[in-house]
Every structure is written in structure tokens, then in C-alpha cells.
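Chemist: After the C-alpha cells below, expect a handful of questions from me.
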């Protein structure tokens, strides 16, 4: 019997999302106009809370859909205007170009990145050294590339290796269902469980590595570019400005990586089983023998393009998004990717998030029009200049750990810039606040998958169920990093940021514009 029209509409609305989630969104959409009539300020804060809720529930439904519906309604009832949204999008065009072109550009360098991580995994036998290498490699790559892409590459390596061993363990050459362990005998299951623990720890080290490297440069995370543009900094300026906080945090983060592996705590310490290593080594040897000259040339070309990418970013030869576009053109031209559909696949990863970021800017427009953050900023600016840095860092950190850090960083840097332009703070203090905002947005956000897009990407990937990586387990494994990164970052903002920045100025390395 066919279902009713009403039931069909309900099932189509937000698809597979739970009924309670659909109902909650409908209640939000009904309440917002009513509360807006009574108090626009309260309605504005309610919208922000609802939007954060959609981000926190990203596993139930991709936030673009519910967040987009809330944003459309906000414009429709007058919380902001379509013109203001357009202005916000125009002001942040560089960030949208970064997401569209840089992420797509790196997609065409995946073969090189896969080669690097495969060599690391099979060449280094010490688990502590391997974990450190993965963390450092992810940090270095994320300083120049998009963190999502770096994590995507590591996921590809892990899924590939898991599939190779799973086929051997199940005695099936065509093992299509990697989640089906029914054909694996007891001995192999024990080894497989150990292998899962090994892969979980490597994935978490790599994920945290993207946060450690991503905070250091203006292209490491999308919000970094927003903050850099607001402060008028280029690549080198941004790196030096952040270094009083980010360099000590990087060192402590890497030490934490070694410590958790040494102590075998928080789910770390599992080594690669020797039987798995033998299987993977055989497969890698076979792959290397089958690699043609054409394949080798592709790797060499991608390495050269990587050098161009780093050089162009460091010398600021063009806007970041345009450099990404040049990578797409060079990589496709020189590696023989000419089919439109093959090129189009590169954009599937970044465009949903680009659309979501545009929705962010709609909510930012509401925040500006309704002056929602004015009381918080007013409270922070009442404190001494020294205390302002820690307060901005803490407020950013609290919100970033449960919400998307692009959203949080955009809000706070806009408010700080408005305070500077109104004369409430000096330009010098504003530049220090920009560092506190950037580090506060990036470092504590490793606490949950909601804060780090790379973590959320890992949690929703095909790999997560294979290696038994749940939301709770990810939060638990991230806990030592969360504590160390957050506390070291706070101490650096409190004690080293101002004096080291002053010393950089005296040396002539940086200057207040």
C-alpha cells in the first residue's frame, strides 16, 4: 500500500535524518519569526544557537541543509538583508577561492602524497618514530595544503592497506565488503583487531598533525585566511606573528605524540602486527615492479608542482585561490588528465563546504546587523590589554570546541576589527588579538570532531567503521592533545606573545601597518 502524500513529504524532508531532528528544525523555523517580532536581539542569539546545533549534529544531517533553511528564513524575515550577505561573501571571496581551487588542486597531487605516506608506513619499524613521522608529515603538509585533503590521503592509504590484509585474512581475492568479518578465523581476528588499533592511533596522530601545522600559516585553515586578510598580513608576516604561540605548541604537541605512544595510554601504543607488515610489503613490492615510466613521471611532475606551490605561497605571487587554480592547470596538463568528468571529481570534496561557508557568512551578517556580540566584546574590552588576549583566546576556544572554527574565527575577528576602527583598541593591540583569535580558534578545536573539519571528515569516512573509530573514542583519544595544545597555547598567549612580537619588531622582521 502506497504511503500518504503527507508521509511522503515528511520522509523526503531532510531524507534519512531522525524524526526528532526534523521536528526540532521545524520548531526552530516556526519560533524564529515569532521571537523576532518580540525581541530581534534574542531571536538573533537563538539563530546562532540553532546554527551551532546544526553543526554539532553534522552526523545526523550535513549542516548546509538545516543551516541554509535557517539562513534563508533569517533574510526573509529581516534579520539581515540579501545585500549584506552579498557584501560578506564578496569580502571573503579569497577564502571561497581557496576552498574551490586549492583543495581541488591538491586532489591531482594525491598520488605523490599516497606515495609519501606509504613509504613512511613501511620504512619505519618503530611505532613511536612512525607516529611522530605521520604527525610531522601531516603538520608540514597542512601548513601549505588543505587539512581535509591531507586527512583524505591518509584515509586512502589506511583503507587500501586495511583492504589488502582483510582480503588475505578472509581468504577471498574479491573481498568487496570490508565490514564483513564472518569469513575470518579466530587467529586472524585477533591480528585484525590489533591492526585496527594501530590504524586508529595513526589516524589520530595525523589528524592532530593537521591542526598543529594548520594553525601556523595563512593557508593552513580557511579561517586563517580570513584573519590574515583582516589584519593585512601576507604569508611570511602571518607565520612570524603566530610563531610565539605556534612553535612552542608544535614542540609540545610532538612530545605528546611520543608520550602517549610510550605510555600506551588513551588508546595509543598498538604496533603493526608482523604478519600484516609482511602482507603489505609484498603488495608494495608488487606495485613498485608494475609502476611504469609514465607513472614515475607523474610522481616527479607532482613533486615539482609541490615546490611551485610552496614557493608561490611563500612569496605571495598571487592570491591563494589563484595559486590553487595554477596547480589544477599544471597538474592536469602534465599528468594527462583531460576528461571533464575526471577533473570534476576534484571539486566534489570542496564545493559542499564552500556552500556551507556561504551560509556561515549569512549568519555573520545577522550577527553584525543585530549587534549580537557587542555585549561580549564590550565585556572583554573592559579588561586590561594584557587580559584581553587570554579572554579572546578562551572565548574562542570554548566556542570552537563545539562549533565550526571558520564560523567562530570570522565572528571574533570582525568584532575585534570593529573595535579597532572605533578607537576602542590600538592597531598594535588589534594585531595581538588577531593572533589570540587565530590560535584560540584552531588549537582547542581538536577537542571534538565538531570543531575540526578534518576530524569530522575522518569520523564520517568509510574508514571510521572499519577501524571502530566512534565519536566517543575520537574525543577520548584527542583528550591528551586537547589539554596540552589548549594549555600551552594559553600560556604562550599570556606570557610569550607580546614580548616576542615586540622583539620581532625591534629586529625589523615584522612591522605594524
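Cβ from N, Cα, C; glycine included.
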Chemist: Would you mind telling me which of 175-195, 238-258 Swiss-Prot tags as transmembrane segment?
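Modeler: Range annotated as transmembrane segment by Swiss-Prot: 238-258.
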Chemist: Name the residue range among 282-302, 303-323 that Swiss-Prot annotates as transmembrane segment.
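Modeler: Based on what Swiss-Prot states, transmembrane segment spans 303-323.
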Chemist: Give the range, chosen from 348-368, 369-389, that Swiss-Prot lists as transmembrane segment.
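Modeler: Among 348-368, 369-389, the range Swiss-Prot annotates as transmembrane segment is 348-368.
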Chemist: Residues sitting near the transmembrane segment (475-495): Cβ under 8 Å, six or more positions beyond its termini, same chain?
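Modeler: Sequence-remote neighbours of the transmembrane segment (475-495) are 200-201, 204, 207-208, 211-212, 244-245, 248-249, 252-253, 256, 259-260, 265-268, 386, 389-390, 393-394, 397, 401, 435-436, 439-440, 443-444, 446-449, 455.
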Chemist: Are the transmembrane segment (52-72) and the transmembrane segment (303-323) close enough to be called in contact, which here means at least 3 C-beta pairs under 8 A that are separated by 6 or more residues?
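Modeler: Contact between the transmembrane segment (303-323) and the transmembrane segment (52-72): absent, because fewer than 3 Cβ pairs are under 8 Å.
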Chemist: Would you call the transmembrane segment (348-368) and the transmembrane segment (23-43) in contact, using three or more Cβ pairs under 8 Å, pairs 6 or more apart in sequence?
Modeler: no
Chemist: Checking distant contacts: for the transmembrane segment (97-117), what same-chain residues at least six beyond its ends satisfy Cβ-Cβ under 8 A?
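Modeler: Contacts of the transmembrane segment (97-117) (Cβ under 8 Å, skipping residues fewer than 6 from its ends): 134, 137, 141, 145-146, 148-150, 152-154, 156-157, 219, 222, 225, 295, 298-299, 302-303, 305-306, 309, 319-328, 331-332, 335, 337, 345-347, 349-351, 353-354, 357.
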